[in-house]
Structures are given as C-alpha cells and as structure tokens.
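Working notes for the structure below.
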Amino acid sequence: MTLQPLTPVNCAGLLQPGCSLLHLDGEVLLFGQKGWPKRSCPTGVFGVRIKRGELKLRPISFGNDSCYLPPLRCPAVCRLDPYDGLPESYLIHGGRTPNNEISSSLYLLTMDSRGCNRKLTLRCKEKELVAEVPGARYGHTLSVVQSRGKTACVLFGGRSYMPAGERTTESWNSVVDCPPQVFLFDLEFGCSSAHTLPELDDGQSFHVALSREDCVYFIGGHSLTSDSRPPRLFRLRVELLQGSPLLSCETLDTGLSISSAIITRPGPSHKYIILGGYQSDSQKRMECSTVILDEKGIQFEPLEPPSWIPDIIHSRTWFGGSTKEGSILLGVPTEGRPSQQDTHYFYKVSFQTEGERKEDEETQACSQESTDYDNSTPLEDSEELYFGREPHELEDSSEGEEDAYNEDDEEDESRTGYWIKCCLTCQVDSNTWEPYYSTELHRPAMIFCSRGEEGHWVHAQCMELSETLLIRLSEGNQKYFCLDHGGLPYQETTPPRQLMPLKRTPMKVKERNTPLRLKMSPSKKSFFRRLFD
C-alpha cells in the first residue's frame, strides 16, 4: 500500500468534510461540495480525476427532466447494483446543507446518457415515501437487503435538530440523536415502516453499515447521549415475508470503537477495508482493518496501515472517500500554516499491489485513446454555460482547461447568504448559536459591510443591533458599515444611477395630411363662438 500526495488544480476549496464520492458507470463523482457554484457547475456534481499526482474536477451535467439536488453533507448514500432490468444507481437520503438545514428527501441518481466523447449526463429524481416516513437527519446509513427474491432498503441512526415541541431559547439549534428505530422501505411503491428492536436501545450516528443478502451489520458509531464511541456491533436480519417483514437483531462481541470511517471495497466480493475515523474527540484511529462478510458472519482482520507522514499524524481532523476499488482520497487541513493558500492537503491511499497498479494505469491509458476528439455539440443551459471537451481529452491543449473547475469563478459563500464568514471579533458559533431575534429562527441575521474592496458579512448580534433597526437597515437601497469601521452602524443612501437622456429625432412622414388651422385673434374667436351659439 502507498500514500501519494496530490496537487489539487483549482479545486481545493470544493472538497470539505461531509462530502461524498460516488461510483457510477466507471466515473468517480464528487457530491455535497462546500456551496453552490453558480457559474462553474450549476448541478453541484463534479467528476473526479487523479492522474500524475494531480487532482482535477470537471462539471457534470443533468438531464432536462432532473430535479434540483441540493449540496448535502453527511447524507446516507447507498449504491444499487443493476437488478430486474434497472440500471446501476445511487440512493441519497437526508444530509445537511451549508445553511445548516437538514433534509428529509430521498433522491435517486442514475446515468442519463453518454455522449460520443464519453461525456456523462446524470438524471436525478426525488422519490416519495409514504406511511411511517423517517424524519430529517444526517450522519445515518442506508443499506440494501435481499430476501426471498425481494429487495428493500434499511435506514438507521443519524442526528437531527431537537423536536419543535421540546425546543427552548437555549436549545433551539441543538442536535440530538434520532430514536433508535429501523426504517424499512421498498423502492417500487415507496412504502416505509418503522421498527423498534430491544437490542437497539441507544441512538448512534456516523457508524459503518455493511450488508450482505438479508443481513446488515452496524459497526461502531458515536452517541451524543453518552458522548462515547463504544465498540458496538449489531447484526440485523430482515426477512421479507409475503405479509409484513420480520426483523431480528443480535449483538456481537467483536466490534470496533470508531466513527466517521472511510470504507473502500478492493474487489467484487464482500470484502471491505476500513480506514480513518475517530476513537475519541481528540484521537484519530490510525489503524486499518479488513472486514469480510461470508456465510458464517463477519470477520475482522488487522491490516498494515500506510506510512503516515507528520501532517496526517498531527492533524485534528481528516476526511475522504473511496475513489475506486482499493483506493481512497484522503484530506487533512493545513493547520497553522498561513502561507499555504489551500485549506487542505490531499493524499491518495492505495491498497493495490504494484502489479495491480500498473495494470490499472494501462487500462486507463487504453480507454482514453478513443476519446481524443469531440464531435458533439456543446451543452447550453439557461445561463449560457458551455461545457466543451473533458480535461483528459485535451491533456496538452489549453482548450481542455475550460471544462475544469476554476476556483476563481466560484462565488464566495459569505456573499451568497451562507453565514460562515464574519468579522474578526465574531462570537457566534454555528454549533451553539441561539436565536436572538424573531426574524432569525433558521440562521443568524447578517448585514453586509460595504467598506473595503470586497466587503464582508457581519452578524447582527456582533453589531448589537435591535430587531427594529435590523429590519430598517435591510430596506431600501443603502450601504452599511459595521462596528469595525468606526462608530455605530449607520447607513448611507446609494446615489441613483444617472442615465443620459437619448436624443430622438422625429421621423419625417411623406404626404402627411395635416388639419387646416386658421390664425385668428382672440376677439374673432369670441365673435364666432357667440355667432354659432
């Protein structure tokens, strides 16, 4: 196994903790990036390509009949292998948006088409669930089980905001573990059912779920109630009977104390590799484990980890996902290095042997030889965005970079409504924030300071604004200045834009019949008026 550093090419800002990597039709897709890139990629889904130590992203387009897919972080993602004539697809449930809004929607992501230049187009549809529907949550898992010729999905765990009836001013924005219920639903009719099992007596999130046939294994996870990561291991068996399904749960002894782990599958068999994760809030899990699912059950085998470098060892957090079989994309923050422009370092962890890596590189080279030319018409959307050839199709040409993601074209989150960025003296924490006004129940109210070249957003709490003053400042066409730029917050009316009047010369009309007018003095007018009256 190897650890290879990667150089992100104008895309380091997009990969953030909580994003997901999907494998669809031989492509690696990035989903759930930091915000919503308006110009570079209106769909928010990118194709990931790693070659020659460089990490590049290219925009992925959606079909015309696709629905809106928000940038969800920490959703439940499940891959559906082709069955019953249906193509391979992904199920995406829940997740958290950059605005800290939690979703309860279920999306089905499939391939729409492939162009003559192998350009991928996706289709996204929202699936509706009925009956006992799982609520909004994030950090949960979604698995597929097969029993008696039927297929169903198992949803478990996660976190959500405290219920509305239990919220107070102090705990308005607090998250809690979802009740330890197991939700079972089918994809054909969308009928969902909730099941409570005595073995699952505590909520857990950011755990690992692995499935084989009619069994799902829940490994590790974090509990907010006890603030611990106990070495738990549950085996859930689902029997899809003709009437109602039958669920049974068993507690096993050989578990792992882990949360937020990265899973990769080195082959088509039920063999997985667990990398990363946390053993506690201040301790990462530096070991690797191999998990094998067979007829006997589940087996754990220790695996030699890569030779970690100091940047990874001393980092407080890390994240990533599986890029292909036996390969993981790993990111760690650049902590304490102001000279570093990018916010994260990225590495490729490969568990393949030297022969497998060479064979894979040769296969990639052969598959790219037939995609050197593009005869298809460019994609055009409502904002007149054009995505031409893919970056790997014009490797040595400057035109190929037009399709790659350019971080300079990205809109700043602080300018588009996200309240992550504020002044230097800001004391508002996104995790412990409490509503201060009746107008900011979902996110803290902000005001934009116009001083400086770029300006910045400032929380109204930091400026000690009253609610009436905040509402008055948000009306009309004004400029605003915060406390850091002197004095109390005040406003200044923006001068109206002066437009020069256009001189229009009347057009001359030939042979125009004008009424005959007689020139008369006022006395003559009064005489004729009296005469006819």
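Glycine is no exception: its Cβ is also placed from the backbone N, Cα and C atoms.
Among the features that TrEMBL reports, region 'Disordered' is placed at 353-412. Positions annotated as compositional bias 'Polar residues' by TrEMBL: 364-379. What TrEMBL lists as compositional bias 'Basic and acidic residues' is 386-395. What TrEMBL records for 396-412 is compositional bias 'Acidic residues'. Annotation source TrEMBL lists domain 'Recombination activating protein 2 PHD' at 417-495. Positions annotated as Zn(2+) binding site by TrEMBL: Cys422, Cys426, Cys449, His456, His459, Cys462, Cys482, His485.
All protein chains considered, the CB of His456 (Zn(2+) binding site) has 19 other CB atoms within 10 Å. Counted within 10 Å of its Cβ, the other Cβ atoms near Cys462 (Zn(2+) binding site) come to 20, all protein chains included. Take the CB of Cys449 (Zn(2+) binding site) and look out to 10 A: across all protein chains shown you find 22 other CB atoms. Taking the Cβ of His459 (Zn(2+) binding site) as centre and 10 Å as the limit, one finds 22 other Cβ atoms among all the protein chains shown. Confidence in the domain 'Recombination activating protein 2 PHD' (417-495), given as mean pLDDT, stands at 67.
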